[in-house]
């Protein structure tokens with residue numbers, strides 16, 4: 001019984017379903033993506049290779065990840081193929097899907113390819129209430145910019161309010177509902193309901209892990225409707241996800257992990273009935289290209305039609321062009337094609353054309369491109385996501401003529417960078433020689449591309465092919481130690497391997513050449529029949545193309561589709577079994593899960609996709625060779641493809657190799673690029689039971705002091721950038737399905753600081769700053785608008801209390817640490833009616849410290865935010881730095897421990913908006929600044945003078961009135977008391 005994961009997500013508004021299923025380790029089946037939540041990459045990603053023996057928990061993360069199959073047995077308890085694999089019989093008729101109304105045909109697979117045990121199935125919870133199966137998926141996810149229906153680019157990170165609540169359950173393919181097998185189920189069947197409940201009782205609880213941001217999303221504690229529910233936010237830069245379950249066995253098996261992609265949608269170019277087909281010359285081979293960051297988005301050019309798909313040919317459309325732009329001859333003369341986010345580029349008769357959702361246009365002088373003579377176009381073959389550029393921009397396309405190179409950027413921006421005349425001067429080539437551009441290909445490095453140059457003197461029979469690498473950051477052209485002597489009419493095609501070091505394979509019509517380990521190991525891939533002549537393996541046919549497939553396997557495709565296989569760093573090839581016939585034109589592509597597939601183009605203009613079990617084929621061919629891997633295991637803790645380091649940080653990694661005694665293997669660490677880091681190595685060696693174990697601990701760090709240097713920014717720029725590091729064993733072998741070859745990229749990243757405080761009423765308002773409180777003493781009061789969005793909630797502080805800011809460092813993943821180094825603050829509107837409670841003497845200064853007054857005097861021509869910073873900071877705790885002065889002045893530098901506080905003016909309230917800047921030059925490469933606001937309170941505002949006078953007048957009037965009344969009242973009483981007795985008697989009588 002085999003166990004594995006499956007996936008299904010549905011849009012609750014349109015009920016368009018998508019499904020992903022893992023049939024048998026290491027092969028996967030990908031079904032089409034829905035229009036609102038595409039399960040396909042929108043940003044740089046390809047599935048990561050898992051180290052041999054690392055099991056389901058060892059993975060790479062981030063950056064460009066190479067397609068690779070999982071090791072046999074790492075997931076499901078799949079049955080062994082038991083010898084050479086026999087291809088499935090060809091179907092009676094061509095099966096294809098075209099448009100949204102076409103019936104979707106499942107890919108071919110024999111019974112041995114499918115697991116017999118439980119599989120995970122996923123579905124969005126919003127679709128669980130639907131009673132009927134979903135309609136057929138659309139022709140492809142929405143995508144290219146410029147279309148009226150296309151969405152604007154999604155920002156990085158989770159999008160507020162956009163999330164998928166995914167239902168997860170387990171089903172057994174042998175007892176499943178037909179909808180579950182066809183990946184159209186919207187709820188568990190009765191058998192799946194019982195099986196899921198049983199697994200949950202045994203302790204199964206799946207979770208979804210993201211590769212790039214390393215987030216984990218857990219399900220609800222209880223099952224609902226026979227499934228787990230997991231809420232996963234949509235994120236354009238975190239689309240690669242992995243569903244993992246607990247190690248719970250069921251009938252001696254467990255459910256294997258599965259990788260899936262959840263991204264935002266793309267558009268397919270619609271077919272317009274009046275438009276005409278565009279194709280390659282009659283009789284030519286297929287041309288197939290796909291977006292490196294969206295491997296399911298593919299363009300296929302045949303000699304009858306051009307096809308486009310966004311779901312690995314699950315559905316597809318034909319590309320048509322207006323009848324008035326090209327002649328019939330030009331429409332059938334496509335010599336090259338490329339795919340990017342701007343659209344599809346066609347090269348026809350040396351002219352570049354662009355086809356997107358809205359237009360089909362010729363590109364020329366208006367776009368800074370030549371009007372003719374273009375001989376090649378190419379785009380990046382490896383995809384990058386979160387890479388921080390020192391340069392302002394990075395190209396995604398290269399275009400060249402015989403003597404000029406152009407680079408293409410987003411939004412159809414093209415720049416001419418060099419011609420062969422300038423190259424000859426840079427490379428010091430004599431003027432008597434002839435130099436022309438042969439071919440161009442992007443390397444695995446995110447900022448480099450390789451140029452193959454034709455070099456000859458007489459140019460009659462032979463020529464030399466030289467390689468030059470161009471770095472877009474340093475703008476340098478580096479002539480590599482590589483040359484190849486070929487005949488004058490030979491055409492060489494390069495392909496750079498995913499590697500930290502420059503490594504590539506090249507091929508012509510009959511041979512495949514290799515260059516490994518930074519051009520130190522070169523040669524020709526050997527065959528049993530002759531000196532590397534692969535044509536003799538394929539009945540004298542020629543090499544059409546080469547592909548890097550699973551686990552860095554090299555798959556060479558012939559015109560007759562007779563395949564030869566070789567592992568990277570291996571120098572010979574073996575012939576694989578014949579899978580196709582000569583009457584159908586076919587090509588090879590990688591689906592979303594790095595599985596090799598055939599796409600066949602029939603004469604009636606339809607397509608058929610066929611799975612190709614490369615892993616089984618390789619094991620079948622190499623089974624009789626008795627070759628063994630030279631080591632037992634190779635492990636490391638490099639679980640990311642890129643690491644971001646800042647000043648003062650280091651990176652500690654380890655690698656371990658286990659091999660039979662006396663084999664003499666070791667671990668190789670190879671850096672490439674600028675030497676930004678120093679390193680320390682610690683090697684541990686152990687022998688036990690006839691096996692040797694070597695463990696290498698590596699610490700990378702930077703030891704540069706940026707304080708009080710002459711040119712701070714120049715030194716910082718020189719010590720930032722991208723450094724590639726490769727960790728690998730010293731030997732390889734052909735029969736190694738997961739060649740352990742890991743590379744990590746280290747570069748300097750971005751952080752930000754912020755403050756923690758309570759929430760407030762979120763609104764904007766205006767306030768007045770009196771002119772006497774401002775630094776430059778203007779003639780009028782200053783009216784200021786407070787922007788809540790920019791400054792956040794103000795801190796409310798009693799004016800009698802001192803205030804000490806606490807800074808916290810964050811990155812996109814959250815909190816890092818409290819900032820303990822020196823920083824400065826200033827009021828951005830110019831207020832200076834505040835001070836500090838510590839003097840220079842009390843803080844321990846030996847010389848006069850820097851202040852805002854002294855720094856503005858020294859830098860009168862600079863704005864206030866630039867007069868003082870880490871580039872010119874000098875401390876005051878040494879007699880050798882600074883000069884004596886008045887140490888009774890306030891010390892205006894704050895840190896977490898120096899107890900320096902802001903002191904407010906008494907007897908008045910105020911609103912202060914401060915900006916803070918990190919002052920320590922050895923803390924961060926980033927310009928760390930932040931805003932915060934302080935509102936002081938505690939003093940009653942001064943009343944109006946007229947109101948006070950009126951109140952005092954009324955009060956005095958009342959007082960005198962009462963006094964007058966009292967006087968006369970008591971005078972009457974006293975007069976009665978002191979009146980003579982006889983008079984009183986007289987009155988009484």
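Note that Cβ sites are derived from N, Cα and C of the backbone, with glycine treated the same way.
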Per TrEMBL record, range annotated transmembrane segment [choices 923-945, 946-968]: 946-968
126-157, 158-189 - the range that TrEMBL marks as region 'Disordered': 126-157
TrEMBL annotation (region 'Disordered') - matching range among 13-46, 47-80: 47-80
DSSP residue counts for the domain 'CATSPERE second N-terminal' (163-233), split into helix, strand and coil: 16 helix, 23 strand, 32 coil
